[in-house]
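Asker: First the structure, which I've put down as structure tokens, then a few questions once you've had a look.
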There are 2 protein chains.
Amino acid sequence: MSLANPNGPTIGVFDSGFGGLTVLRALLPLIPGARYLYLGDTARLPYGAKSQQTIARYALSSAAFLLEQGIEMLVVACNTATALALDDLKQALPIPVVGVIAPGTAAAASANADTNVLVLATTATVQSGAYTRACTALGLTAYEKACPLLVPLVEEGWIDHPVTAEVLRIYLTEALEEAPNATTLLLGCTHYPLLRPMIERTLTALNHPLKIIDSATATAHAAAALIPASAQSAHATCTFYATDSIEKFQRLGTSFLGQPLPEVHLIDLGG
Amino acid sequence: MSLANPNGPTIGVFDSGFGGLTVLRALLPLIPGARYLYLGDTARLPYGAKSQQTIARYALSSAAFLLEQGIEMLVVACNTATALALDDLKQALPIPVVGVIAPGTAAAASANADTNVLVLATTATVQSGAYTRACTALGLTAYEKACPLLVPLVEEGWIDHPVTAEVLRIYLTEALEEAPNATTLLLGCTHYPLLRPMIERTLTALNHPLKIIDSATATAHAAAALIPASAQSAHATCTFYATDSIEKFQRLGTSFLGQPLPEVHLIDLGG
């Protein structure tokens, strides 16, 4: 495949919104020579409340757009789309497709010998059961905790706010009552890496330290493993597309990417 | 028009989700003889992040479905759809169409002689500027405060929770710093009536009592004013449709409607 392109590979990164920018952020130092095309399907988010058929249709049309732009690998930087559309994407696309769930789970499996995994995720991801299936397949015991307020709190910008600390304390206390033997905490949503410092402080305050696995970072490593080292020399370029709400994408995306976002291009995928 | 039907009128109530059930709840005692058809376009929510054209298209297809079922009046029980699609709906439909913004604003105008109105609403509604336009038209001074965490908190079921009390304290404190002369508080989102007792307690604690206007109740009165008294005798019947997420609609809808929800019918409006 053309991933050995000496000018660096062209990598598509796809999410329903801007949360997947945390995956792109993790990719940049690992595959610095790539040309990245990021697509946030903001017109049709959140995917969480939609049926599997609908999400697969959205994901396929988003992937088709990126394929037309010349991507040679697709990173599905969205837990819901990975849970509900990864198989369809892998079947439909002639290029490697990497989702966020398997890499995060594999990282959890290698983190501790005897692993009980606590997964924090959105309601939609928890309801899909995808992390439990992935953990079970690797011999791990999973407990999934839905944390529906964390995405709105991050999007409100309350990253380091006492209300967010209290919500995290409540969610983690409830989760640890259900999963007292957990040794590993898996962040199963692309918004959650922004809360990692506060999650660490909360676990310390609860006197229950856990090994934290960030599926954004794990996914970036899985994608980098598919890229020949020879392609990892030049400087990255990033192009951003969204299907709606350009202003919010640009404003909030900066803290997700960890650097200012350049122009975001508005595209129309219909429906 | 056939609203004088002695068997009671057939009234369509439309929202992007189940928030509009607070409007239906207010309608039931005012027009007890009606046959209500409620449609929550849950597959395509939230409308907030979409463009005006997209929202108008969604609202028109939802209204067309209800029209086919025989509605004689449409209540747009959704602030975003009212802000962005009411004119299109009024032009396209051969029946009376009532939105939530004008009735709420008119109720605010009659609540106090010298009125500075503080409007709490979602980010999308605030960005539309619809309440400011409606208030200005009635000689009122409006200050709109976006409260993006309130809908997620209500949907988490944290109606009477200390975290919600703290978030309300923060939002209301910020709003009252910007609008210290406010005399009236307009609840510009169909989720907010569930928080009314806590909003009242918060205002008391802030030593800043305001006259609270609930646009759900105001809208129900505006709709009832169009119905002849002769049609207001029999018992109401309610039929519920949603385009996705039936389970969540049924579970959360009960507290919005104030009574258990019967079966919710899944319908497909496409795209």
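For all residues, glycine too, the Cβ spot is worked out from N, Cα and C.
Unlike curated entries, TrEMBL annotations are predicted automatically.
On a predicted model such as this, the values are computed, not experimentally measured, just so you know.
Marked as substrate binding site by TrEMBL: A:ASP15, A:SER16, A:TYR47, A:GLY48, A:ASN79, A:THR80, A:THR190, A:HIS191. TrEMBL lists A:CYS78, A:CYS189 with the feature active site, proton donor/acceptor.
Can you tell me where each of these features sits in the structure?
Answerer: Counting every protein chain shown, 34 other Cβ atoms lie within 10 Å of the Cβ of A:ASN79 (substrate binding site).
DSSP assigns A:CYS78 (active site, proton donor/acceptor) to coil, not to a helix or a strand. Within 10 Å of the C-beta of A:CYS78 (active site, proton donor/acceptor) we count 32 further C-beta atoms, all protein chains included.
In the three-state DSSP scheme, A:CYS189 (active site, proton donor/acceptor) falls into the coil class.
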Asker: Cα-Cα, whole number of Å: A:CYS78 (active site, proton donor/acceptor) versus A:TYR47 (substrate binding site)?
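Answerer: Spelling it out, the Cα of A:CYS78 (active site, proton donor/acceptor) and the Cα of A:TYR47 (substrate binding site) are 9 Å apart.
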Asker: How long is the line from the C-alpha of A:ASN79 (substrate binding site) to the C-alpha of A:CYS189 (active site, proton donor/acceptor), rounded to the nearest angstrom?
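Answerer: About 6 Å separate the Cα atoms of these two residues.
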Asker: Using DSSP reduced to three states, classify A:SER16 (substrate binding site) as helix, strand or coil.
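Answerer: For A:SER16 (substrate binding site) - judged by DSSP and reduced to three states - the answer is coil.
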Asker: In angstrom units, rounded to an integer, how far apart are the Cα atoms of A:SER16 (substrate binding site) and A:CYS189 (active site, proton donor/acceptor)?
Answerer: 12
